[in-house]
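Here the structure is laid out as structure tokens; the discussion comes afterwards.
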Amino acid sequence: MSGSAIATARRAFLGMSHSPLLGLNPVAADDQIAIDKAIAAARAAVHEFAPELIVLLGPDHYNGFFNELMPPFCIGSQATAVGDYLSPAGPLNVAGELAIALADHLMDRHFDIAVSRRMLVDHGFSQALQFLWGDEMDTPPVIPIFMNAVAQPGIARMARCKALGEGVGSFLDQLPLRTLLIGSGGLSHEPPVPTLAHPDPAVRERITVRSTPTEQERELKTERVKAAGLALAHGDSWMKPLNPEWDLQWMDAMASGQLDGLCAMNEASIGAMAGNSAHESKTWLVARSALPANTRLSCPVRAYRAIPSLIAGYGVMFMHH
């Protein structure tokens, strides 16, 4: 389709991996060029589409949501980015009334959804906005939807993610707004995110009780994650390696709209094959499910690189309808 088709579309999907190590860890020159080109192409497509509303699906990495109360999904009527790593801090331009209206709509459809009136988000949300609209995150109105991707057993299953996306889509059908749905996360990766199985009780406490880390604690975490990425790149890491085959199959499903096949996927196989944090890829599934399923949409932007130093199977994909 021509570029003008983007400008006349009513709904668009952007799947975009995130990595807090972008700009911190070294990346091979050809990989960096590919990432920069993909992000630039996505930014150009998004600005040509000119969304009037954004629905942003993202995970958290124990910066805003903790195990003391961890919902599978949560809509924010107000949201602030904490500014971890190189991501910007500050308030998101949240469409508060529409966020509450979406929650009402989902509840009426028997999809129980949590609501936060003071959501804190990290790079899992803000990096996509930063790359598309700059450090000031001067965006169109946003409805942020958090998705738990780290804390079992409350990680939503595939079919539930698809159902949420369909519910969001039916809500958007009632609005005369050009809407961009962003899934921020994935693809295959297993960064050093602790779990409640960690042997150190202090670590278990840190991921359970809500707290604000000190600047020193943030710096130590950044250095720890940077070292993990370098170890993975050098092949001497305990972390699960990236899985480009899994990633490309996931992107193929997004492109074709054949989402029922993903819903039939064995849940345990996700972590086993693609790493524990590959559950973040479900943000793509929710966003894609708000567009017509079983339909191959126009896809002017698609790029992928497996980059161990970033601990990321890094994919970017833009489609419109």
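Positions of Cβ are set from backbone N, Cα and C atoms, glycine also.
Taking the Cβ of HIS123 (active site, proton donor) as centre and 10 Å as the limit, one finds 26 other Cβ atoms among all the protein chains shown. Swiss-Prot lists HIS123 with the feature active site, proton donor.
Its Cβ taken as reference, HIS189 (active site, proton acceptor) is surrounded by 32 other Cβ atoms within 10 Å in the chains shown. What Swiss-Prot records for HIS189 is active site, proton acceptor, and it gives similarity to another entry as the kind of evidence.
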Between HIS123 (active site, proton donor) and HIS189 (active site, proton acceptor), the C-alpha gap once rounded to whole angstrom: 16
